[in-house]
Amino acid sequence: MHPSMTLLAILPPLVRASIGNPHLLPTPPMGFNNWARFMCNLNESLFLDTAAAMLDTGLHAAGYTRLNLDDCWMASHRAPNGSLPWDPTKFPHSLPWLSAQLRSLGFSLGIYQDAGNVTCGGYPGSYGFEELDAHTFAEWGVDYLKLDGCNVSPAGAVSLADEYRARYARWHSVLGAMPHPLVFSESAPAYFVDPQNATAWYGVMDWVPAYGELARHSTDILVYEGEGSAWQSIMVNYRYNTLLARYQRPGYFNDPDFLIADHPGLSLVEKRSHFALWASFGAPLIISADVPGLSKEVIAVLTNADLIRVDQDALGLQATLASRSEHLDVLTRSLDGGDRLVTILNRGDGGLAVKVPVGWMGLQRCAYQAKNLWDGEIQEIEEDIEVQLDSHATEVFRVSLPPDCPMVIPTGIVFNTASGNCLTDGEALAFEPCRGQDLQVWQVEESGILRPLSRTSHCLTAIGDNVVVKPCTGRPGQRWTYHITGNLQNQHTGACLTEGTGIDVCGFELDSQVFGLPSGVDIEA
């Protein structure tokens, strides 16, 4: 075996849903969680009032049916038999009673626990009580578990990453043995985020999809009374999510955290962008807000049927970056039935006039219809979509493909997830800051051939220790394989694309060798 293939061969199997059953959660969850808005100030009345408001405002009818408790719901100590009681002051009628009440209204109850011996809020954790807690929750009528990762300490020579994996694997095993497994939301990756080196983070991300249905992968979104910019918090989690598209598919979803729909630091434009981006990602839509107090304008955003349809699309793909420049992101993905999603975000502080060519969408010149998913307006396009974007605004289009138009080719930037630099065609192939140019947009064919949009007669080619762009001839070195690890491996040489050296022996989740590619590209173990 080629030395560069050895590390890839020992990686975890290709992403699969928890319990081996993608039907447990075929589409992202939608609902409510108290944490970002109320933190530990949760109680029975909050959840009943939230349920009533969701029924009255149309949120329930739109699909928001999960009401999830977060930390601090439990008593301060376990019972003598080891079981975990609820706080009787916060939940005087009991959690089984609350679960039954919510179920009678058409909702389901989710719950929070922690993989350590103590939760983040200082309450009893699940370590050593996994099976007892799982069956207790099921007896209460709970069908969704968010497992946090505070206070996890390895013993002896065990690494921290291995300890997390063992504890989440234990929960996976317990849930898998139950007649009706709970949906399993894993927070393990969030404890390995390191802006200086992502190797450990990706190492955890490689296994979480095998154990659960969704993962809280990075920093917590800003809470209601937190300090700092709510918009910047959204953008931080947005960025992390763009690095992880390769993991997502039906049955497993990347979770960039809650929709903070009533945060006082957000304008309505920013709230619209928050929702549109999460829907474009196919991310969980979990509202953390004072739902009875939401304005009609915000309710209209959260119940946008066209965007919810995108979020719940059966293909389960995540939108990826087709193009990026200093202030502008264009994301695309394919939808069930053949339509193409185009999402355009202005990250800058001023307005932008934007033209998005059909080539960036993975299309060729033809007659298409593009529906604006905010106002429903349909426009005929052949060459591009033109749009005016206010600061921090996001427009979303659903492009219908007539049967006589060419098929979609996955198209977008090939970017290093650590540096953010784009693979750039030119006299000398290089990684450069992304500038929103065809030189940095690549078509990725099913055969493994990559062509720059600037000259589609040429292909990314490995020659010896170098990687260049040469005329496409079918020569050895012009076919590549994209791995779940983010490695782009040449099928002829066995080496991996590497920022800084061009191509090199494949390592394990090295920052220089992990790349984001367009949505829809085939992914190998």
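Here the Cβ of each residue, glycine as well, is placed from N, Cα and C on the backbone.
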Problem - Recorded disulfide counterpart of CYS422 (Swiss-Prot; options CYS405, CYS434) - result: CYS434
Handout entry: In Swiss-Prot, the member of ASN151, ASN197 to which N-linked glycosylation site is assigned
Key = ASN197
Handout entry: CB within-chain contacts under 8 A for CYS434 (disulfide bond), separation at least 6
Key = SER323, ARG324, SER325, ILE413, PHE415, GLY420, ASN421, CYS422, GLN440
Completion exercise
Minimal Cβ count within 10 Å, across the disulfide-bonded residues CYS40, CYS72, CYS120, CYS422, points to CYS40
Fill in the blank from the handout: Sequence-ordered recorded positions within 10 Å (Cα) of ASP148 (active site, nucleophile), taken from CYS40, CYS120, ASN197, CYS459, are CYS120
Problem - glycosylation sites compared (ASN43, ASN81, ASN117, ASN197) - highest count of Cβ atoms within 10 Å - result: ASN43
Practice task
To the nearest whole angstrom, state the Cα distance for the pair ASP206 (active site, proton donor) and ASN81 (N-linked glycosylation site).
Solution key: 37
Practice task
Would you mind splitting the domain 'Ricin B-type lectin' (402-525) into helix, strand and coil residue counts from DSSP?
Solution key: 6 helix, 44 strand, 74 coil
